[in-house]
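Taking it in order: structure first as structure tokens, then the write-up.
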Amino acid sequence: MASPRSSGQPGPPPPPPRPPARLLLLLLLPLLLPLAPGAWGWARGAPRPPPSSPPLSIMGLMPLTKEVAKGSIGRGVLPAVELAIEQIRNESLLRPYFLDLRLYDTECDNAKGLKAFYDAIKYGPNHLMVFGGVCPSVTSIIAESLQGWNLVQLSFAATTPVLADKKKYPYFFRTVPSDNAVNPAILKLLKHYQWKRVGTLTQDVQRFSEVRNDLTGVLYGEDIEISDTESFSNDPCTSVKKLKGNDVRIILGQFDQHMAAKVFCCAYEENMYGSKYQWIIPGWYEPSWWEQVHTEANSSRCLRKNLLAAMEGYIGVDFEPLSSKQIKTISGKTPQQYEREYNNKRSGVGPSKFHGYAYDGIWVIAKTLQRAMETLHASSRHQRIQDFNYTDHTLGRIILNAMNETNFFGVTGQVVFRNGERMGTIKFTQFQDSREVKVGEYNAVADTLEMINDTIRFQGSEPPKDKTIILEQLRKISLPLYSILSALTILGMIMASAFLFFNIKNRNQKLIKMSSPYMNNLIILGGMLSYASIFLFGLDGSFVSEKTFETLCTVRTWILTVGYTTAFGAMFAKTWRVHAIFKNVKMKKKIIKDQKLLVIVGGMLLIDLCILICWQAVDPLRRTVERYSMEPDPAGRDISIRPLLEHCENTHMTIWLGIVYAYKGLLMLFGCFLAWETRNVSIPALNDSKYIGMSVYNVGIMCIIGAAVSFLTRDQPNVQFCIVALVIIFCSTITLCLVFVPKLITLRTNPDAATQNRRFQFTQNQKKEDSKTSTSVTSVNQASTSRLEGLQSENHRLRMKITELDKDLEEVTMQLQDTPEKTTYIKQNHYQELNDILSLGNFTESTDGGKAILKNHLDQNPQLQWNTTEPSRTCKDPIEDINSPEHIQRRLSLQLPILHHAYLPSIGGVDASCVSPCVSPTASPRHRHVPPSFRVMVSGL
């Protein structure tokens with residue numbers, strides 16, 4: 001059954017005479033052989049060999065029947081095989097032998113293929129080599145047994161990586177590159193585009209799994225990371241989703257064309273296509289394969305346009321069917337000339353992508369046999385090649401070694417074997433506008449990649465990135481913002497300097513002197529330190545180094561803390577002095593000098609320094625970098641921005657901030673308490689309680705709001721810096737303005753009014769069961785030089801008030817019951833008191849004005865006589881005779897004691913220790929006793 005049919009030459013000699021039955025079988029054999037599926041004659045159309053030329057038989061194993069899908073491969077390569085055999089015979093390459101190819105149909109079935117192989121060995125001639133092997137399963141079974149028959153097999157279509165195992169298949173060669181041959185080409189492509197991070201997606205089939213495993217070995221040690229390896233059986237969507245979750249941008253796929261449609265549909269659903277992704281898949285699919293599987297794709301709810309959109313730009317990798325070089329091959333023809341001859345010869349037979357490899361395979365066999373014959377001729381054994389048999393191990397090794405030495409340029413490129421594997425050419429195609437375009441090729445022999453210019457097209461402006469490029473970007477302070485806030489800060493410092501100049505220049509003015517100029521200087525100094533901290537808060541990693549930034553963390557904290565304490569500490573110390581003087585009514589004198597206030601401020605600063613030194617020594621501030629979640633690039637580039645933000649932090653940041661905040665909060669509460677207690681002391685030069693309250697209110701509210709907003713905008717340095725800077729500028733500016741602007745205005749408009757006590761009395765309510773309201777008028781001891789000036793001004797004001805009180809007292813006296821005794825008493829006693837009051841000219845020159853006022857008042861009534869009384873006018877209406885001597889005496893009887901006891905103490909006429917009533921009307925004014933209701937306490941300034 002397996003005996004071949006030859007064309008143009010009789011077969012082997014007929015057997016000796018047989019019995020009639022055997023003879024009948026031999027007569028029918030020529031009629032049965034065409035129907036035998038296991039054997040076909042050698043290539044049809046080949047010229048008849050000369051009768052004297054012995055054949056060199058080659059066993060051809062391939063599927064040929066139409067019932068098998070891969071039968072088209074066998075039928076498609078036959079025209080190429082015939083062309084090769086014809087050209088070899090024409091060149092007499094094997095003279096005096098001719099190449100005799102005997103074909104056997106394997107039908108891609110293991111059993112039938114193995115039977116065809118054994119029938120060819122048993123019934124056919126001694127085959128020198130085996131040519132063929134298309135179906136992987138059949139080829140692997142036969143190739144595993146070749147060593148026992150000393151046969152070398154050459155395949156032109158078996159690409160399965162399993163056959164690359166030389167320990168298991170030492171006598172197997174192939175002219176077609178294996179599926180693993182694409183892996184070095186893929187490696188070269190990845191290096192060309194600098195893709196160092198890939199992922200694999202593999203169908204659970206042995207062929208694809210082996211390619212994936214080999215790819216892992218190829219990429220190992222090449223600085224290319226396989227970040228994720230996914231496989232699937234039927235539904236690839238889960239695997240595709242995992243690839244996206246692992247940020248795989250370059251996907252190396254190994255699956256057939258039916259699964260490819262599903263994969264790209266899943267990629268479309270997961271948005272894994274376009275400018276950010278690159279798919280690299282096998283390129284051996286059928287032409288327009290996406291059209292064939294469109295129906296299956298629709299079943300998964302994937303429209304054709306969606307499938308094509310996801311496929312756009314994928315790169316297919318496959319062996320090159322024919323060389324693109326315009327170089328003559330071993331046959332003397334270029335690959336392009338061969339292709340034209342092949343197309344002419346195949347007539348109605350469909351083409352096969354393996355025809356070039358089959359053509360070169362025949363030439364490989366011919367060259368191998370030629371070298372084997374040369375080896376035999378050179379040996380001393382004088383063995384002929386046609387004497388080969390399946391037990392001739394020596395000749396089998398000669399043929400094997402000759403096969404390994406193959407090296408020539410064929411229609412598929414340079415034909416070279418390395419461990420039995422063809423070092424061929426791999427092509428790269430790209431799917432562009434619903435068609436595949438060749439964009440490059442890889443030469444395995446030279447290990448070079450050649451990309452065709454301007455053919456590959458990426459959907460972005462550049463090749464996709466192998467991963468999401470994370471650009472760590474330090475969020476820094478905007479230079480324009482820093483410039484604007486710095487300008488505002490400079491203006492604030494200029495204003496503070498102007499206040500400092502004003503305070504120093506007018507330090508001898510009673511208004512400034514009474515407001516403690518040294519404390520004012522400290523307030524200005526604290527404000528300027530707070531202003532200076534803004535410059536340091538705006539310096540980040542874009543301006544200074546990391547080491548300098550850590551130093552700034554400490555410096556700006558110290559400056560802001562000391563500035564706050566200096567400004568508000570001095571302000572609160574001034575208020576404490578006013579509180580100590582005015583609230584302690586039991587003391588006759590209260591002298592508190594500026595030196596004591598400086599000690600108080602120094603104590604506050606000492607507490608600050610203790611806290612800051614302990615903070616720095618135990619847990620210093622360090623530069624920390626906080627990394628935030630990735631953000632898309634605002635410019636639309638294929639990168640992600642990971643913001644970095646510098647912070648000044650330490651291990652126990654909360655504890656230290658709590659200590660500082662608690663101390664500053666207590667200081668502010670103490671200032672509020674002092675401001676409230678002294679709210680009724682209304683000497684503008686002394687009492688800043690109103691402005692302190694306003695400052696504390698504004699500073700407190702702004703600090704709370706600023707701290708909250710600053711915490712919420714922690715990840716936005718521009719906003720945070722802007723808020724912090726504006727809060728510091730606002731608080732410092734409002735504090736300085738509230739302290740100094742009123743003084744500036746008062747000094748320019750009415751300098752004396754600032755030191756006058758408009759309400760020189762203030763009330764303190766005692767919260768006891770027998771509480772009584774006591775009103776005390778107190779003068780303040782500011783300095784020995786200002787004491788005289790203040791009292792002189794007060795004396796002048798009181799004398800001017802006499803005339804105003806006179807009219808008011810006239811109305812009051814009209815309502816009183818008049819008695820003669822009172823009139824006599826006034827005449828005798830209080831007229832002398834009035835003279836005593838007016839005789840106090842030795843205290844100050846300004847008393848002359850008071851005498852003139854009273855004299856003028858008396859001169860306006862010339863009829864008034866102090867020692868006489870007109871009885872005839874006593875019965876008249878008091879309103880009609882208001883200027884009578886009786887009424888004048890009555891008024892004086894009330895005015896003079898009040899003036900005596902109320903005004904003279906202010907000019908030094910009454911001692912605060914005088915508590916007994918006056919004894920005689922002629923006593924000295926400084927030694928008259930004051931009734932308790934008019935008792936006052938005088939403290940010298």
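Glycine is no exception: its Cβ is also placed from the backbone N, Cα and C atoms.
As stated in TrEMBL, the feature transmembrane segment covers range 555-576 out of the listed 357-378, 555-576. Under the criterion of 3 or more C-beta pairs below 8 Å, with sequence separation of 6 or more, the transmembrane segment (555-576) and the transmembrane segment (479-502) do not qualify as touching, having fewer than 3 such pairs. Remote same-chain residues near the transmembrane segment (653-676) are listed as 561, 564-565, 568-569, 571-572, 575-576, 578-579, 604, 607-608, 611, 615, 619, 689-690, 692-693, 696, 699-700 (criterion: CB distance under 8 Å, separation of at least six residues from the stretch ends). Outside the transmembrane segment (522-543) by six or more residues, the chain places 474, 476-477, 482, 485-486, 489, 492-493, 496-497, 499-500, 503, 549, 552, 555-556, 559-560, 562-571, 598, 601, 646, 717, 721, 724-725, 728-729, 731-733, 735-736, 739 with a CB less than 8 A from a CB of the stretch.
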